[in-house]
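According to TrEMBL, the domain 'Dihydroorotate dehydrogenase catalytic' annotation covers A:4-283. Feature annotation from TrEMBL assigns FMN binding site to A:Ser21, A:Lys43, A:Ser44, A:Asn125, A:Lys163, A:Gly215, A:Gly241, A:Gly242, A:Gly263, A:Thr264. TrEMBL lists A:Lys43, A:Asn67, A:Ser68, A:Ile69, A:Gly70, A:Ile71, A:Asn125, A:Asn190, A:Thr191 with the feature substrate binding site. According to TrEMBL, the active site, nucleophile annotation covers A:Cys128.
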Amino acid sequence: MSDLSVSIGKLMLKNPIMPASGTFGAELTPLLDINRLGALVPKSVTVSARDGNPSPRVCETSASMINSIGIQSKGIDDYVTRLLPEYRKFSPPLIASISGETIQEYETLAARLDAQPDVAALELNISCPNLRTNGQAFGMSAEATAQLVRTVRAVTDKTVIVKLTPNVTRIQDIAQAAEHAGADALTVANTFLAMAIDSETRKPRIGNLMGGLSGAAVKPLVVRLIYQVHQATRLPIIGSGGVMNGQDAIEMILAGASAVQVGTATFLQPNAMTTIIDDIDDYLNRHQIEHLTDLIGQVDLS
Amino acid sequence: MSDLSVSIGKLMLKNPIMPASGTFGAELTPLLDINRLGALVPKSVTVSARDGNPSPRVCETSASMINSIGIQSKGIDDYVTRLLPEYRKFSPPLIASISGETIQEYETLAARLDAQPDVAALELNISCPNLRTNGQAFGMSAEATAQLVRTVRAVTDKTVIVKLTPNVTRIQDIAQAAEHAGADALTVANTFLAMAIDSETRKPRIGNLMGGLSGAAVKPLVVRLIYQVHQATRLPIIGSGGVMNGQDAIEMILAGASAVQVGTATFLQPNAMTTIIDDIDDYLNRHQIEHLTDLIGQVDLS
Amino acid sequence: MKLFNAKIIANHPINARYWHMILDASMLDEHVAPGQFFHLQCGDAQQNPLRRPLSVFHYHQASATLEFLYLVKGIGTQQMTQRRPGDYMNLIGPLGRGFTLPEQGALLLIARGVGVATLHALAREARAQNKTVYVLLSARTANDLLTAGALEEIGAVVHTVTDQEGTSDLEQVRPLLEQLIHAEKIGALYSCGSRRLSKLAQDLAEKYHLKGELAIEAHMACGIGDCYACACTIRSQGQLKTARVCSDGPVFPIEQVVIQ
Amino acid sequence: MKLFNAKIIANHPINARYWHMILDASMLDEHVAPGQFFHLQCGDAQQNPLRRPLSVFHYHQASATLEFLYLVKGIGTQQMTQRRPGDYMNLIGPLGRGFTLPEQGALLLIARGVGVATLHALAREARAQNKTVYVLLSARTANDLLTAGALEEIGAVVHTVTDQEGTSDLEQVRPLLEQLIHAEKIGALYSCGSRRLSKLAQDLAEKYHLKGELAIEAHMACGIGDCYACACTIRSQGQLKTARVCSDGPVFPIEQVVIQ
Ligand SMILES: Cc1cc2nc3c(=O)[nH]c(=O)nc-3n(C[C@H](O)[C@H](O)[C@H](O)COP(=O)(O)OP(=O)(O)OC[C@H]3O[C@@H](n4cnc5c(N)ncnc54)[C@H](O)[C@@H]3O)c2cc1C
Ligand SMILES: Cc1cc2nc3c(=O)[nH]c(=O)nc-3n(C[C@H](O)[C@H](O)[C@H](O)COP(=O)(O)OP(=O)(O)OC[C@H]3O[C@@H](n4cnc5c(N)ncnc54)[C@H](O)[C@@H]3O)c2cc1C
Ligand SMILES: Cc1cc2nc3c(=O)[nH]c(=O)nc-3n(C[C@H](O)[C@H](O)[C@H](O)COP(=O)(O)O)c2cc1C
Ligand SMILES: Cc1cc2nc3c(=O)[nH]c(=O)nc-3n(C[C@H](O)[C@H](O)[C@H](O)COP(=O)(O)O)c2cc1C
Ligand code: FES
Ligand code: FES
C-alpha cells in the first residue's frame, strides 16, 4: 500500500479522488463505497431555490456529453438544514460548491457555510456555462475573478478552491488572479461551452441551446490547462474533465494536479471512483512509488 | 440532384466540402476523386522553408488526435513554382493557406500569391497552435487580427478567408475584428490546444509537448463557435473541426456554416469527402430542399 | 437498486423496429415493480458514456428472467441489437417508482407504440392479482401493435387502433374509452408512450374522478436521482415543482403531470 | 496504392505478445515489395481515428494472401486480435518504398523483435531469387525469436541471440556480424526493429563499404505522404533534410538515416 494522501489547502485528503460537483449524491450509496473517497463534493448550491434549465438537459456526443442542468438547487437553507446533516454519515471531508449570480451572493453563501463545521472547504463555481446567456461566467475575467475571490476570502478561513472555466484565452491569467486574491487551490476546469444540433429535426439537442461538454473527449484539453496552470501558479490543482480510469488520473497528476475529480465516468459506472483509486494504488505499487505526491507535475520533459 | 453550390466571398463553390489545410495533398489522387470537391486547400505555406516540429508529431486521443506538425513547408518559391502547377490538373478552385511569424510575412505571402492566377482565394492561418511557444497565435488578439487582416487586404483583391483559433474567451470579438478589417469569410476554427502524457513512460505523447486537437471529439465545441460567429458577423463561415460524415456537415451548416472542411476524417477514410458530399445530397433530396443555401443557419430555435 | 452484469438469454427482432431481449437476472434479489426501469450500458462505453433507460417489460422471479421490449432508435439501441446470447449487459436497477394498482375496479391501460413495453408489466401484475384489465393499443401500423396477442393470452381485453386504418385519432379513441369507463367498472387509468393519449387520459381521469398514473420519459444521465438531468415539472398541492423522472417517477399520479 | 476491404482468413496468437493475420488480398492488383506497408483500420474508427501501419510479412501473389505479423502493443493492435476469420479489414496499400536487393553477394539481415516481420518478406524475396540470406535474430527471450524456423525452412542461415541468454549485447553481436561479413560474401546489410542494432549495421556498412538499408518507424496519420506526421531527418548529399517515413521510406539507404 502506497501513500495516496494529498493536501489541498488546509485539507488533507486520504486519496486524490473526489466527485465532480453535479454528478454525485447520496443516492450513490448502494452502488459505491462513498467512504473510500478522498472528499465529497455535492451539487453547487445557490442562495435561493432555482429550477434549472429546460429539457432535454443532457445529450450524448462523441466520447462526451453536453449538460445544461443549470444550477438546480433547493437553496442554501435546505443545504444547511437537510443536506449537510445527511452527509454526516459519510467520513470524507465535504467540499461545498457554491454558485451565484453576483459577487454578493458568493459572499452570502461563503459566510453562511463558514459557520458550518460540516463544511471542510468551499469550491467557488465561477465557471458554470449554464447560468448566464451564451455561457458567460465570472471566471472569464481576471478582474471579476480577483474581486470575487477577495470578497469570499474576507469572510472565511476555510480552504477556498476556485473552479476555473476552460473557455478562456489564457487560463494562466485567471489562475494568477485567483492566487493573488487569496485562493488556496484551483479546480481545472469546469465544462467546455458546447452545442449540438439534430440534423433530422434541426433542433438543438439541448433545451437551453448550449451546455457544458464533459467526458473523455475533453481530457487532452484539460491536461493542457492543468499543465499551464501548474506552470503559472503554486496553488494545488484539482484536475477535472474526462477522467475515466486510473491512467487518466495519473496523467493529470503528472501534468500538475494534486487531486482529481470524476464526473461523467460515474454516470457510466457508478463505482468508477473506487476503481480509479484501486488503479492508482496498483500504479504506484507497480512503479514502486511510495508517495503519490512524488508524481505531481512530474511529466518527463527530458 | 439538389443545388449544393455555395459562395464564399467572390468564390462560387459547386459544393460546400473542401479539405482542411494540412490534411490533404495530391497524393490522395488514387484514393479520392479530387475533382468532385468544392475547393482544394493545400498545407499552409510560409515564406521560407521550415522543418516543422520534433516527433512524435501525432498521437491518438479519444475520438480525436493531437498533431504538432508545425508548419512543415518548402517555402513560397517551391509553392509557386512546383505546387501550383501540379494542382493545375485539378478543376476545383485552390484556396492557398498562408502562415507567418510576423505580419510582414503574411503581407509578403499574400502579395506574392495575389499575382498567381492559379490561386482563387487566401486562407490566413493566424491560429496555428504549433508555431509559437505555448500555443500562442495572432488570432488570440482582436487587435493583432485586425492589423494582420488590414495589411493583407491592402495587397490583394482575392477572397480573404481568416482562419480563427478556438482557443479564445470570445471568438465573436476576433470574428468582428476580422470582418471590420476587410475579411471576406472566416474559417471556424483551427485546432484546440491540447496535451497528452503517457502514464507509463511519463513522457508527453507529442514531441513538442502540446499540439492541436482535431476529430469528432471537438465537433460540439466547433458547432458552438460557428453559431456564435454566425450570430456576431455577416461573413460566410467555413466550419472546420470534427466532421466525419454528412450529418456532421449538415449540423455545422444549420449552425451557420456555408461550407465545411474535412481533415481528420480523411486520415480515417481517404474518400471521406466524397462520401460526405453524397450524404449531403441524399439529405437534401430526402428533405426536399432544393438549395443547400436554404439550410445555412437554419437551426430551429422554436 | 444494484449494479450488475446479466447474461443475455435471447435477443430477437419482433418486427422491423422493435426488439425483445431476455436476460438472466439471477443476480437480482429485489422486488421489481411494473413501471420501474433499468439503466443499461448499451455498447462502447468510452464512445457512448450515457446509459439508456428501459422499462421492465416482464420480470419473472421464479425463472429469474428479466425482459425488455425496445424500439431501435439511435446508436444505443442499435448497439443493443448487436449483442448476442451469452454476452453480458451491464445494468443498474430496478430504479424509480412503479405503478400502483387500484384498490378496486378494473384497469384501463392506454398505450401507444413502445409505451406498451411499460404497461405490459402492469397488465401482468394486475392479472396475477385477478384484476380485470382493458388495454387500448395504438400504433402507426398493425405491425407495430406490439404484444396484443400476449396481452390477450394473460386475459386482458385488448382494443387496437392504428394510424394506418385511420382509427387512432382522438375523435375516435375518446368515445371508445368513455364507453369503456361507462360500461365497465374502471378503477384506474394508466398511460404511456404518447403525449396526446396521456393528455386524453388526464382529461378522462379528471372528468370521471378516476385514479390515474402516467409513466413519463426524459433524457437521463445518472438514472438514480443525483444529477437532475431528467427534471420535469409537476403540479403538486397547487404549486409547480421540479421533480426527477428517474427517482421521483417515472410513474406519477396523473393529476400531477404537466404535459407540454 | 488502393483502399480496399480484405477478408480475414486467419488471425492467431503466435505467442503471448505476437499475432499473425492472413488476409484474402484478391482485391490487390499491384506488386508488393518487401519493406512496403499497409495502413490498417484496426477497430472502432470513431473512437480511434488513426490507422496503424504494418509491414507486409508475406504476400503470396498466387494464392492472393497477404500476411501480417504484429506485436500486440496498444489499443489498435488489441482490437486487431478481436477480429475473426470472415470479418473484413480496411486497408490502404501497398505504401512506401521497399527494400532493394544487392546486385551481387549475400544478404545479411539484422532484426530484433517484431522487426523480423519486415525483414521476413525480404528474406523470402531474396531466396526466391536464389540469393544467400543470413539472418541475425535478436529478442528478449527465446519465445520472442519469431519465425526463426520459417526462415530456416526457406533456406536462410539463422543466428539467434537473446537477452535471456545474455547473448544479445552489442559486444557479442558485433564480432558475430563481422565474422559473417569476413567469412561470407555479404553484398548488403538490412536492419529493422532496434536502434542499437541499426546503429551497428550503419557502422558496419560504412566500415566495410557495404550497401545497406534500414526500415524505420514513425507515428503516422495519412500514411501516403500528405501530412508530414511521420517526418524524419535524413542525411543527403552532406545536408540534413526532412523526409517522410511513409512515402520517402520506410526503407532508406543506410548511410542516409540519422539515428537519434
Ligand atoms: C423511464 C424510461 C423507460 C423507458 N422504457 C423504454 C422501453 O421499455 N422501451 C423502449 O424502446 N424505450 C424506452 N424508453 C426510451 C428509451 O430510453 C430511448 O428510446 C433510448 O434511450 C434511445 O436511445 P438510443 O441511443 O437508441 O437513441 P438516441 O436518440 O441516439 O439517444 C441519444 C440520447 O438521448 C436519449 N434519449 C433518446 N430518446 C429518449 C427517450 N425517449 N427517453 C429517454 N432518453 C432518450 C438516450 O438515452 C441517449 O442519451 C424509456 C425511457 C425512459 C425514460
Ligand atoms: C512502416 C511501419 C511498419 C511497421 N510494421 C510493423 C509490423 O509489421 N508489425 C508490428 O507489430 N508493428 C509494426 N509497426 C509498428 C506498428 O505500427 C505499431 O506497433 C502500432 O501502430 C501500434 O499501435 P497500437 O494501437 O497497438 O499501439 P499504441 O501505442 O496504442 O498506438 C498509439 C498511436 O501511436 C502509434 N504508434 C505506436 N507505436 C508505433 C510505432 N512503433 N510505429 C508507428 N506508430 C506507432 C500508433 O499507430 C497509434 O497512432 C510498423 C510501423 C511502421 C511505421
Ligand atoms: C450533469 C452535470 C452537472 C454538473 N453540475 C455542476 C455544478 O453544479 N457545479 C459545477 O461546478 N460543475 C458542474 N458540472 C461540471 C463537473 O463538476 C465537472 O467539472 C465536469 O463534468 C468535467 O468532469 P468530467 O469530464 O469528469 O465529467 C456538472 C457536470 C455534469 C456532467
Ligand atoms: C495533421 C494536421 C495538420 C494540420 N496542418 C494545418 C496547417 O498547416 N494549417 C492550418 O491552417 N490548419 C492545419 N490543421 C488544422 C486543420 O486544417 C483543421 O482545421 C483541423 O484539423 C480541424 O478539422 P478536423 O477535425 O476535420 O481535422 C492541421 C490538422 C492536422 C490534423
Ligand atoms: S437522471 Fe440524474 S437525476 Fe434523474
Ligand atoms: S503519415 Fe502523412 S506524410 Fe507520412
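Including glycine, each Cβ sits where the backbone N, Cα and C put it.
Structure with TrEMBL features highlighted.
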residue	record	DSSP (3 states)
A:Ser21	FMN binding site	coil
A:Lys43	substrate binding site	coil
A:Ser68	substrate binding site	coil
A:Asn125	substrate binding site	strand
A:Lys163	FMN binding site	strand
A:Gly241	FMN binding site	coil
A:Gly263	FMN binding site	coil
Binding-site residues compared (A:Lys43, A:Lys163) - highest count of Cβ atoms within 10 Å: A:Lys163
A:Lys43 (substrate binding site) versus A:Ser21 (FMN binding site) - Cα distance in angstrom: 5
Integer Cα-Cα distance in angstrom, A:Cys128 (active site, nucleophile) to A:Gly70 (substrate binding site): 8
List of residues, in chain order, with Cβ under 8 A from that of A:Ser44 (FMN binding site) and at least 6 apart: A:Ser21, A:Gly22, A:Ile71, A:Ser73, A:Ser97, A:Ile98, A:Ser99, A:Asn125, A:Cys128
A:Lys43, A:Ser68, A:Gly70, A:Thr191 screened against A:Gly241 (FMN binding site), Cα within 10 Å - retained binding-site residues: A:Thr191
Inter-residue C-alpha distance, A:Gly70 (substrate binding site) and A:Lys163 (FMN binding site) (nearest angstrom): 16
Residue among the binding-site residues A:Gly70, A:Gly241, A:Gly263 whose Cβ has the most other Cβ atoms within 10 Å: A:Gly241
Spatial neighbour of A:Lys163 (FMN binding site) that is closest, considering only the binding-site residues A:Lys43, A:Ser68, A:Thr191 and their CA atoms: A:Thr191
Farthest-apart CA atoms of A:Ser21, A:Lys43, A:Ser44, A:Asn125, A:Lys163, A:Gly215, A:Gly241, A:Gly242, A:Gly263, A:Thr264, residues recorded for FMN, distance in Å: 19
A:Ser68 (substrate binding site) to A:Gly263 (FMN binding site) - Cα separation in whole Å: 14
Substrate site span - longest C-alpha distance across A:Lys43, A:Asn67, A:Ser68, A:Ile69, A:Gly70, A:Ile71, A:Asn125, A:Asn190, A:Thr191, in Å: 16
Integer Cα-Cα distance in angstrom, A:Lys43 (substrate binding site) to A:Gly263 (FMN binding site): 11
Integer Cα-Cα distance in angstrom, A:Thr191 (substrate binding site) to A:Gly263 (FMN binding site): 11
A:Ser68 (substrate binding site) CB neighbourhood, other CB atoms within 10 A: 29
